[in-house]
Every structure is written in structure tokens, then in C-alpha cells.
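Asks: Once you've had a glance at the structure underneath, I'll fire off some questions.
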Amino acid sequence: MSARRQELQDRAIVKIAAHLPDLIVYGDFSPERPSVKCFDGVLMFVDISGFTAMTEKFSTAMYMDRGAEQLVEILNYYISAIVEKVLIFGGDILKFAGDALLALWKVERKQLKNIITVVIKCSLEIHGLFEAKEAEEGLDIRVKIGLAAGHITMLVFGDETRNYFLVIGQAVDDVRLAQNMAQMNDVILSPNCWQLCDRSMIEIERIPDQRAVKVSFLKPPPTFNFDEFFTKCMGFMDYYPSGDHKNFLRLACMLESDPELELSLQKYVMEIILKQIDDKQLRGYLSELRPVTIVFVNLMFKEQDKVEVIGSAIQAACVHITSVLKVFRGQINKVFMFDKGCSFLCVFGFPGEKAPDEITHALESAVDIFDFCSQVHKIRTVSIGVASGIVFCGIVGHTVRHEYTVIGQKVNIAARMMMYYPGIVSCDSVTYDGSNLPAYFFKELPKKVMKGVADPGPVYQCLGLNEKVMFGMAYLICNRYEGYPLLGRVREIDYFMSTMKDFLMTNCSRVLMYEGLPGYGKSQVLMEIEYLASQHENHRAVAIALTKISFHQNFYTIQILMANVLGLDTCKHYKERQTNLQNRVKTLLDEKFHCLLNDIFHVQFPVSREMSRMSKIRKQKQLEALFMKILAQTVREERIIFIIDEAQFVDGTSWAFIEKLIRSMPIFIVMSLAPFSEVPCAAANAIMKNRNTTYITLGTMQPQEIRDKVCVDLSVSSIPRELDSYLVEGSCGIPYYCEELLKNLDHHRVLLFQQAETEQKTNVTWNNMFKHSVRPTDDMQLFTSISEGQKEVCYLVSGVRLNNLSPPASLKEISLVQLDSMSLSHQMLVRCAAIIGLTFTTELLFEILPCWNMKMMIKALATLVESNVFNCFRSSKDLQLALKQNVPTFEVHYRSLALKLKEGLTYGEEEELREMEGEVVECRILRFCRPIMQKTAYELWLKDQKKVLHLKCARFLEESAHRCNHCRNVDFIPYHHFIVDIRLNTLDMDTVKRMVTSQGFKIDEEEAIFSKSELPRKYKFPENLSITEIREKILHFFDNVILKMKSSPNDIIPLESCQCKELLQIVILPLAQHFVALEENNKALYYFLELASAYLILGDNYNAYMYLGEGERLLKSLTNEDSWSQTFEYATFYSLKAEVCFNMGQMVLAKKMLRKALKLLNRMFPCNLLTLTFQMHVEKNRLSHFMNQHTQEGSVPGKKLAQLYLQASCFSLLWRIYSLNFFFHYKYYGHLAAMMEMNTSLETQNDFQIIKAYLDFSLYHHLAGYQGVWFKYEILVMEQLLNLPLKGEAIEIMAYTADTLGHIKFLMGHLDLAIELGSRAHRMWSLLRNPNKYQMVLCRLSKPLFLKSRYKHLVQVLGWLWDLSVTEEDIFSKAFFYFVCLDIMLYSGFIYRTFEECLEFIHHNEDNRILKFQSGLLLGLYSCIAVWYARLQEWDNFNKFSDRAKHLVTRRTPTVLYYEGISRYMEGQVLHLQKQIEEQAENAQDSGVEILKALETLVAQNTTGPVFYPRLYHLMAYVCILMGDGHSCDFFLNTALELSETHGNLLEKCWLSMSKEWWYSASELTGDQWLQTVLSLPSWDKIVSGKGGQRKRSWSWFCPPNFSMVSWSQPQCA
């Protein structure tokens, strides 16, 4: 039975019949139009309140997950219940009108009495339904019902393509009046219905002053059997299902295929519905919350009661309305009788029908319809209401009876305006603003209180769309604000200034054309140009703005320009204009021809006989000749600059005149125009190709300029980074997009504004750690203050998810226009791509496209790339590069393009498309040009359809969701997949098997080698070797490894470089988002944690923080709290949070997180000395046991390994944190943490992990000062390495070891050995093709080379570092490069890259998220700049950069970069102290003591590393000499010299020697010593070529004040 029912439902005729009443389906109508049919029946009008409010609530919802589908479910939940009741009781649903419906019981007149009883019973049961249901979505849904009975007439009308029907007559008027009288839950009977019903069965309540009555309840006699009565009544209904069909709600569900009937019924159904039925798409596909324009037309007739009269009038009106709407892709949605009139509900912008300039077309259509219908003599009054906005467009009703309808406040507003403002075309403010028509086309109407509309806003009358010469009203539309800068358009203004200069110098015509899409800010550019042009003396700028209507008015542009030139724009009366004209043309034109100006300038010169005989063409020529003379006369007196906005609307005659004008006299014309929609006329083409024309295509604003714009628009000094990213990405650099996105955020109250606080006052927590805001450029600060000295900052409301926000209606409309202009296949491709995300690969798109082959897809993609829907990229590096820079403004050389032969153009286009196809084949990554398009297309899918496609995407991506092949496809969080069951439960077995083989669900053979070995270690270092011999042996070992890597690369060296960074963006992040969409929160959490871990590995703390935020939201949604996998995810989450906190220098938070993680991993870390002592004893015994163990146990299970690796990671961070603290007992905690890391790593039985632990343990003992212990563990590392096979991961272990040992040796001051090891590590990592590691080793190698003054080698390393930073687009390596360049300038006496270049890099990148949230590097850069300015004694600049550095000082991390940065910062503070002492500042001594304490603290810290001691002692010596403490100065200076000698630190030793010489000699330095030195610093190239002389090192960077040490005394400081 169900199969049969499904077969019936799939029939096209059944689907069509579901949109129509039985009255039409089974009707027999004559082919004449109009045709009339009369019958008797009962009408029920049901009005449902609450739907409009619900539609508004959904249409203004913030997030994309609250869309049309949810709304249609709620609407149909109620409406289908009503429809079902009506059908069960034998009714026929005639029409759905938004949130109301009209039902009919068609019977003979003698049956009316009984049928009314049935209908009343049905009405009461409908009310009962709603009383039982709870309010949905917080809205109270209630119904009002009106009933009428009597004589009904049906009118069928239309044209050859579409038919419509109406029911008219007294009963129809009565039923509407009855419903209007009803209150909530009332049933009202019309007077006639009350007359015809069985009064004995009905209890009523009288309505005062009305003949209609209200039904209270039915009161059947005790013996009354309603079922028998109902069955009897249904026998009189022609199409009530009975017998074999009694289980069907409607007989129309059983219709057999009948092509003739189907063709007939199709005429009653909208075209988009028929398309949906033909495409066999799911019901509901057309349900959307969609921006549309509603045109409500109401016709009132002179003889309302005569069907034949109104029938012909409606027919005439309908045919005309249909023809007008067809031109502009509008459609009639409903036609019904409405309060004594006939109403047409017309809609522009239905799915698939969206067109540009929709609002203008709607108004144009409305005016046309109004003009036509007003001429139909049988129509008394025509009233039209036009409203624009988001409404619900969708199929509403029951599966067996439904209609496509529109619901929303805008529908109501259009309907109310139509009734409250009769006899005119009225529109709302949104339509008025969106039309972009001149204000003089409209007149504001007085406000009226309209039923059901709380605040419609201003209402306007549309006066007509024929352009009139409104002198003084065609100025540029936008305003120029003195306090608002023109942002991001420097280049465009430069083009104007340059062209202007040429115009003035050559006295030759110039044309400057700015082409740009709507929203690019063309009008703003012209407004600025008008202002600049008017600043020059003897220059006259005439600026006008055209509209869409201007194009259709002959000679309109010249007419307006000449009116301005002649000064007519300021005249208040035609007589004044006439006098002005007479004075200007009397010498140029015979008086008898003055009347030539009558029409064009609205004057009244007497018409001469000669003029009346003149032909139209001759008049035009005379007029043009006169204008030429006037202009020739004017340009002799002053320079004329014509400025024309929206020049695409210049009419053809005006173009021809302009073309002639620029050839005849020197004139400067500036135009802005949107790209021509059609081929421009010959004259326009000629101007574009003229040698004196400069044609500029406007680019978008750059990210920094968008940031500036937002800060200026909001009047704030900073905005959140998340908001900045959202607006930069969402706007694509288009000013209008940015403004609309901001308005949308403001509308949803997402933005908060507060007084700016200093950063020192803010307590750092996890939630505010990354709330460092982005600021506008310095020159914008002036425009961002709310008042003098007061600044506000912008924040986001807590919990808001910007990326999930639904796009603003205005921007959605732009995307819908573009989508609807595409073919259906292209639309499908774009919608499928939208499911994948903003960025996607061709492989994944092909996977989810239904029934496409690769050739079809490539061809479609090429077209869409050409149409600027997608951008394509060969690699993720290209993508990242493109995202950093928006398309800039550029000049188009149409003259050279025009040289191509016309015959070749078509061929060229085809060739271009073929080239694009080839490019798409090569490019595997694509991205939506506009994120708004992706969001808009995504919202068009149904929930179930989305789920199917998200699942397809997830299954495809899972196979690659791990590290790249280069990194052996492992997890970013070691052994993560062993803990969390993320794949197997949802995938088929073939996929599972494939994934097992590709991803290593079991440990592969190579991993097994490193994880366990049954054989005892073969190699041991002989005990009698000296340190030198061991050193040579180690270096020789690494040399051998490098030799073997070079000699057999195929076995050892990976074929491709690391691709992990790319995989994060195109695989793992999209996969996490697909799982979020599928509500698979545990899987989504897994991948967000993987992402966070990966970004921490890549040094991107901000992204790690953001994805941990996503993870935290998902963790809160998980319910199975007792599962081990969830516990592990919590532990991972806390450990990753700890790592972020550690990197940001928030050690207290980091420690707290690590303790939480270890507790969840069942490794509680002691929190008091008693448990510490006990745990220390346990761990020492464990370590002894592991170290003395000769054979290893069986392999460790994957789950256990995951746990151990995470524990080891936590302990590694913990000992570093404890090492930072001075408290004596903290070193024991640090020692315990280091030992626990060691034991945990040994338990893994993995060589790589064990070697890492040995190296960590060695470093810990180095820094803690345990001289003998560290050596033992370094030997153990080498013994471990010597026992590994030379392949795969073992090579990486060896490279890692060389690199880490080199780093440790550098920290400890063994600079020669650090260089030896670093050089070998560099060669190994370069062969292993891992950019991240290669970058790190180059950075590390540069520092010992710098301190050893080995500049030739250093410059070579810097060259490699620069090449890497450019190739990989790596900001960290580029920043480090400039840091070393600054060091070279400050300390080495030559220039490798200029100071200006370094400073520019900092200015452009200081807000980069990797640098901003990386501890040390930005601190170092700021501090170096501050030191430079301090030496130049430019103290304002010094303070600026020193203050920036100061904010970063608090991020204390035990890293080399931090100590490099802090030592530069301290140097700046010491130089500032010198200034204070010279100026005898009051707090100088306090500052000196504070600086000395800070330096002593740095030296005392375990984590600092001896390599920094010489510099720190040097600074301490200088502070002492400044403060008059010669004894301490000697001590610190000598200590620093000894350490420099020991380390081989030639650079510091040289500086110390010079300081000693200067401080203890009688020599004096001049104040501008450093300035003189700066000016004579040689470049590296000059030094190499021998032209630069010696490097400048004959000066000291510390120039003590000009007074002897003995003169310093305590009172002076006070």
C-alpha cells in the first residue's frame, strides 16, 4: 500500500494538483477568458495570528542555523493541522493567502443548512487543536474564523500562458467581514449564514450593533448521532473520498496521468513550481527567507456587483500586469478579492528570478501598471503599495494541498499602504533608499496609523520615473565630511593630480575615467576630486550625478552640465533663467533662435517662424553648435573640469557631444562609472580609446585600510582581532560591504563600546589573553577619538560566533542576483562548493557533485573563475599570499587593446576560456571570491540535504586528516586516534580498511624499530676518551650521516617537503567544521584539538587559542563524562591550553592547566613538600630501574603511548616553569618534573621520545648548574643514535639531536661547538625538506656566528633565511632576519639591510598574529629600534617603541628569543637612565636601583643561560658607573670580560674592551657621535668589495655623562 501511495505522490499531475483546489482540478471551464461559473456553498476564512511576527523573528535571526527550513517546519506544523481538519470535514482549500486560508464546501442550496453545521463543527475542532498545542518559539499562535454561505461566482481569467481564478460575490465579502469581526478563538457567522443554518443546533452570542453572530458551541439533541449525520452530508459532496479511497485525505491524490488535464492545470501554477516538479527536487527546496520587493496592486471597480463588468476589467488588468512583470522577472503570486476590490500580489526576486536593480524595476512596473489600469474605464481607483525586505517565500500547507506563498511584515506593509494611501503608488523607506533614484521622483506622505503595522517608517509617493530637469538637484549624491578622511584611495587621487598637471601644462583635453563595481566608493573619490579641483584659482569644477533613468533621456547629461556652466542651477524662477540665458547667448545666437532653449532649459522665449519650420535634427545641431561656442568662450576665461558620477548612464547623444568636445577645445572631464552592462556606443568607445584618456579600474581597499575605516566609522581607538578578521575577510576590501556588515553587527547588538584602559590594569585570564586589539595606523588616531583626550575601544559581546552570522539582507541580495543569473548546473556547483566551505579542493568538489564528469566540472569552474565567483590557486602558499593583498587599482590601456582585430575577438574569448580551463586543471585549490556568496549559497540547502553532503565531505576528508606523507601520516597529538574512536562507527568496511593501511591504525614496521628492541645496545662510548675526542667523534658521526644522506637520497630523503600547513587549511579544519554541522561533537572536538596542537607546532599561538575555544564549546556539549576517551580529550585540552599560556608568558595559568591535565592522566603532581619528598624518592627508584634495564618489555599499547606522550609533554613544560622561579624549594619541583618526564619517556620505549627526554634532562642540569650530570645524558643520546638504522625517522632524530645539542651549547656559551653542530643540523634539515625545522636551525645558527663575529658565514645564513621566508611566506623567519639586521647595525658596525627597511617591516607586521602573540621576537625588534633612537637621542621615538616593548616584557618565557629581547630592552632602559642622570631627574637613582635589580634577577634565573651573562654584566657595570659605584663597575666589567674570553664571544669582548677604554680614560665624546657614526656606516656589499673601509667600531654604545665618578653623591640624586 505504501509503495502504491509513493508511486501516486511521484506523479507530476498529483504534484500539480496539490497546488490547486478541487474546484479547479475537477472544474470544467470554457476556454474563453474571462469565464464565469456560479454555484452555492459555504465559505470558511481562517486567519492565523503570530506567523508574521515569527517570520520577522527568523528573518532577523543572527545565525545561519535559524533559517527558512525551521520556519517552514513551524508554519506547516500549524497550517497542515488546519488543512487536514478541513479536508477530513469535506472542505476544499481554495487559496492560501500568507497566513490565512479560504476553504469552500460546494453543495446545492438545499444542503446548505446541514453543511453549515458540519463546517461549524470543523471550526470548533480547529480551535481545539490550538488550545492543546503549546506556543512555539515563544510566540502565541491563535486563529480567528469567519463563516459565510450563499451564492458564489467563480471568475477564471489570464492569458495563453497563465490562468488565475477568483471567487466573488456577497458570500465572499461576508466571510471576510465575519473574520474581521472575530477575536482570538472566535467563530463568527455572517448574517446570511445565520439565516441559512440549523439554529436549533447552535448556541450563539450576539454581537452589539451587528447582524453577524458569534458561535459559542454546538448543542445537538441527546439522540443526535454526528457520525451518521456527517456521512449523510458527505454524500452530497462531489469529491469526498469514500469506499476504497476512504483512507485518502483527498481524491486528487489518486489522479491518473492525463497529459491534456496536466497541461490545463499547469497554467494555474507558477513557473518556479513547475521547474521544481520537473527537476524532481524535494518539497521545501523553494522555502527561503529571501530579500524581495512586494508590489501590491488593488483595483476598485465602478460597478462592483456586476460580474461581467469587473470580469473584463480584471482580465484586461491581468494581461497588462503579466506583460509588464515579465520584462523585469516579476511574478503574480496571488490574486484575490479584498474589501470590495481585486488585489494582485506581485513579487520581484523569487528564487531563480533575482535581477539587478530589482527595486527600480519594481517601481517602474508599479508606475506602468498604475498608468494603464487608471485608463481602464471600468476601474474606479488604482492603489499600489511597494515594500522591500526579507520575507518568507515557501510552500505552505499539507502534503496533499499546499501553495507557494509569501509571509512577512513587508507583505503586510505593502498591503496596508495600498489600502491607507488609495489612488497612488506608495512605497516604504527601504524601497525609497534602495531605488537609487533622485529624491524629486518621490514625495513624503503624511504618517497614518495602519492596522497591524507598528512602525512602517516614512512612506513616500512615487511621482513617476520620467527624468525632469530639476536644476540644482543633480549634484553628487554623497557628502564630503571635513572630519572624515578618504581612506585607501591615495593612488586614485594621485592619478587625478598627475592628469590635472598634464592638462594644465599641455593645454590639451584630458579624460580621466574611474571604473568600479557598485560599493567601491567611486562617488567618494569624485567628491574628493571636486574638492581638490575647486581649491585652484581660475578653475571651475562642475559636478553632477546621473541615475538609471538618465540613460533614456536624450541629451540629458549635456543639458545638466550646461545648466551648471550657465549658472541656471541657482535660479529660482524661469524668468531669472531666461534673463541669464539672454545675457550669455545674445552675442552667440540670433534672438529669433533663442526659443531653441525653451524645452531644454524650461524657459519661454517667443517661438519664431524660422524655428517652427526647423526639423528636429537641425534643431539638435544648432543647439550643439551653440553649446560649443558657449564652452569655447568659457574655457578662454577659466579652466573647466566636468565631473560626472555614474557615467554609465550617459545617453548616446551626450557621449557623441563629449567626444566632439574633447577634440575641439581643452577641457578636463573626470568620470566614474560601473562596468557597462551592454556594449557602449561608438562615441563612448572612442573616448575610452582616445590617447588623452586615462582609464582606471578601481581596486579594493587593503586590509589595513579596512581596519582604519572601521575604527574611524566607529570612532574607536581599537577593535578586537576577531572582528578585524571577520570584516577584512567578509568585505573583501569593498567599502560598502564593510559598512553593511558593521550595520548588521550593530543591529544584532554584537558590539560593545567602553572607555580605553591601560594594558597594565588588565588582569590576564584565559578568556582575555588574546583580546589584544588591532589599532588603526598612527595617522588615523586623530579621527578615532570621541572627544579631546577620550578614547573608546570596541569589544564583542561574549559568546558571539562571527563566522556563523547570517549575512545582511543587502549583501545576500547581491549574491542572489549573481546566483540567479547562472545556469542551473552552475548554480548547483556553487551550492555544492558552499557546503565544503570558503576554500575547497577540486578533488572534494568532484566527489560531492552529483553525476558530473571531470571535464564538465573543469569547464564550469573555468567559467565561474572567469565570472569572479571563484579564485583558483596552485598551492596554499599562493592562496595565503592572495589573502594578504586585495586587488589594487590599475590602469587599463584600451587604446592598445583596441588594436586587436574584431574578427579575432571571439576567437580570443574562446582561447581565453581554454587557457582558464588549463589553469583550473593545474590549480587544485579554489576559494569563493566573496565569502557572502558562500554563506548565501549555503543557506539555500535544506537541513537533510546539507547533512548528506557534509557526510560525503567528511568521509572523503577523513582519509587525509593527519600529518602529511613527509611526516609519516601520524597524528599531531601523538597516538591520538588510539584513544578516540572517530572513524570506524560511521564508515563502511572498505573505507575502514583503506584508512587502516594509509593512516597506521597499527604501528608500522619502521615505528616498531624505534619503539622496542629485544637486543641489548651494541655501542657504548669508551670511558677513557677525552672531551676533545668525544667532540670529534660526535661531529664525525654527523658528518657520516650527512654523507650517507647525500650518497643514497632515495632511501633516506623524502620526495616532497612537509605539507602539514596546507593540510590544516584544506583538510583538517574543514573536516572539523563538517563534523560540527553533522552534530558529531566528539569527532569535531578531536580535530579541533589536532588543529590547536598543529598550530602550536607551527608557532601560531593565536590560531591555537581560537581552535581551543571551539574545542571548549564542544567539550561542554559532551555528556559521556565517565568515558576514558573524553577524560583524555579534557587532559589534552588542558595541556594545550597550558602550552599556549606558557608561550604567552602566563606561567601561573600554565602551571594550573598542567596540574589539571596530569590529574586527569592519573599522574598527580605534588603540591606540598611532604608529597614532593615522597614522589622524588619514587621517581629516583624508577629512573634507576629504567637505566639499569638491559632488555625491554613487549610493545606498549597505542592507548598507553598516547597517555605517556601527553604526560611527558606536561612534565617538560612544568620543569621549565619551575626553573623561572627564585624560591629555593621550587628547584626541587623542577627537578622532580624533569625526572618524571625522563621516566615517562623511558616507559614509552620509543627512541625518539627517549632521546628528547635525555636532551631535556641534560639541558635542565646544565641550567641548574649540575656540571657533571648533563654530560652523562649527552653521551647516552649519542649511544642511542649510534644504534639506530640510517633511514626514515632515525635521520630526523639525528637532525633533531644535532640541532638541539647545538642550541644547548649556545646557551651554555660554547659558541664554536654550537656553530659546528648547528651547521651540520642545517645541512641535515635542508636535505630533509622540513621548512619549519630548517627555519629554526637557521635562526639558531645565526646567533653564535654573530657573537663570534664570523660575518661572512653569518651573511650566508641570513641569505638562506631570507630565501626561505620569501619562498614559504614565513613571517617568523622574516622577522628574525630583520632582528639580526638590526643587531648588525647596532653592534657590528655595518649595514646589511637599512634601518628604514627594518622599521617599515615592523610597521607593516607588528599586528601580525604570529608575531603579536609570540614571546620575544617583537620585544627584540621594538627594543632594537628603541636603542637606535636612544643613541640618536630622539627620545620621543625612543619612548614610543620602548613603551611597546614594555607591554611584552611581562610575557616571561624561558626561551632564547625572550632573553635576546629583554637584554636589548634593558640596554634601552640603561641609556634612558643616562639621560635622566644628565638631566638630574628626581627619580634617577630609584630608576638605576630598579634596573640593577632587574639585571641581577635575570642573571640569577636558572633559565637565562650563561651566553647572556657577558651582556647582562656589561649593562650592570654601566649602571654602576652611572651611579658612581666604581668598585661594583670593575667587578661586573671584569666578570663580563672573563666570561666573554671563556665563551669565545668576540663581539661582546670587543665592546667590553672599548667600554673599559672610554670609561677609564680622559677622552670625551661629542653629543652627536652616534649620528656621525650612523651616517658613515658601510654596507656589507661595500665591505666585501673593499670599498667600504673598516667597519665602524671606534665608538662606544655607552657614552657616560660628562662628569667624573667622584663628583657623584647622594644629595645630587635627591
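Cβ atoms here come from the backbone N, Cα and C positions, even for glycine.
What you see is a predicted model, and the numbers here were worked out from it, not measured in a lab.
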Asks: According to Swiss-Prot, VAL167, ARG176, MET337 bind hydrogencarbonate; which one of LYS85, LYS95, LYS410 is listed for that same site?
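Replies: Only hit among LYS85, LYS95, LYS410 in Swiss-Prot's hydrogencarbonate site, alongside VAL167, ARG176, MET337: LYS95.
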Asks: Out of ASP99, ASP159, ASP173, ASP174, which does Swiss-Prot tie to the same Mg(2+) 2 site as ASP47, ILE48?
Replies: ASP99
Asks: Same chain only, sequence gap of 6 or more: which residues have a CB within under 8 Å of the CB of PHE51 (ATP binding site)?
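Replies: Counting only residues 6 or more apart in sequence, the Cβ neighbours of PHE51 (ATP binding site) under 8 Å are LEU75, TYR78, GLY98, ASP99, ILE141, ILE407.
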Asks: Whole-number answer please: how many Å between the C-alpha atoms of LYS95 (hydrogencarbonate binding site) and ASP47 (Mg(2+) 2 binding site)?
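Replies: Cα to Cα, LYS95 (hydrogencarbonate binding site) and ASP47 (Mg(2+) 2 binding site) are separated by 12 Å.
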Asks: Of all the binding-site residues given, LYS95, ARG176, which has the fewest Cβ neighbours within 10 Å once its own Cβ is left out?
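Replies: Looking at the binding-site residues LYS95, ARG176, the Cβ with the fewest others within 10 Å is that of LYS95.
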Asks: Please list, in sequence order, the residues in the chain of ALA415 (ATP binding site) that are at least six apart in sequence and whose C-beta is under 8 Å away from its C-beta.
Replies: PHE296, SER343, GLY385
Asks: If you draw a 10 Å sphere on the Cβ of VAL406 (ATP binding site), how many other Cβ atoms land inside?
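Replies: The Cβ of VAL406 (ATP binding site) has 23 Cβ neighbours within 10 Å.
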Asks: By a 10 A CB contact count over all chains shown, which of the binding-site residues listed here is most packed: ILE48, VAL167, ILE413?
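Replies: When each Cβ's neighbours within 10 Å are tallied, ILE413 tops the list.
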Asks: Take every residue in the domain 'Guanylate cyclase 2' (293-418), average their pLDDT values, and give the whole-number result.
Replies: 92
Asks: Would you pick out, from the binding-site residues ASP47, ASP99, the residue whose Cβ has the largest number of other Cβ atoms within 10 Å?
Replies: ASP99
Asks: Distance check, please: Cα of MET337 (hydrogencarbonate binding site) against Cα of ILE48 (Mg(2+) 2 binding site), rounded to an integer number of angstrom.
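Replies: Given the Cα positions, MET337 (hydrogencarbonate binding site) is 19 Å from ILE48 (Mg(2+) 2 binding site).
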Asks: Measuring Cα to Cα, how far is VAL167 (hydrogencarbonate binding site) from ILE413 (ATP binding site) in Å?
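Replies: With distance taken Cα to Cα, ILE413 (ATP binding site) is 25 Å from VAL167 (hydrogencarbonate binding site).
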Asks: Roughly how many Å lie between the Cα atoms of VAL406 (ATP binding site) and ARG176 (hydrogencarbonate binding site), rounded to a whole value?
Replies: 20
Asks: Using the CB centroid of LYS95, VAL167, ARG176, MET337 as the hydrogencarbonate site centre, which other residues of the same chain sit with their CB within 8 A?
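Replies: Leaving out the recorded residues gives LEU43, PHE45, LEU94, LEU102, LEU166, ILE168, VAL172, VAL175, PHE336, PHE338.
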Asks: Which whole number of Å gives the largest C-alpha distance between any two of LYS95, VAL167, ARG176, MET337, the residues noted as binding hydrogencarbonate?
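Replies: Farthest Cα pair among residues binding hydrogencarbonate: 13 Å.
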Asks: Would you mind splitting the domain 'Guanylate cyclase 1' (42-179) into helix, strand and coil residue counts from DSSP?
Replies: 64 helix, 47 strand, 27 coil
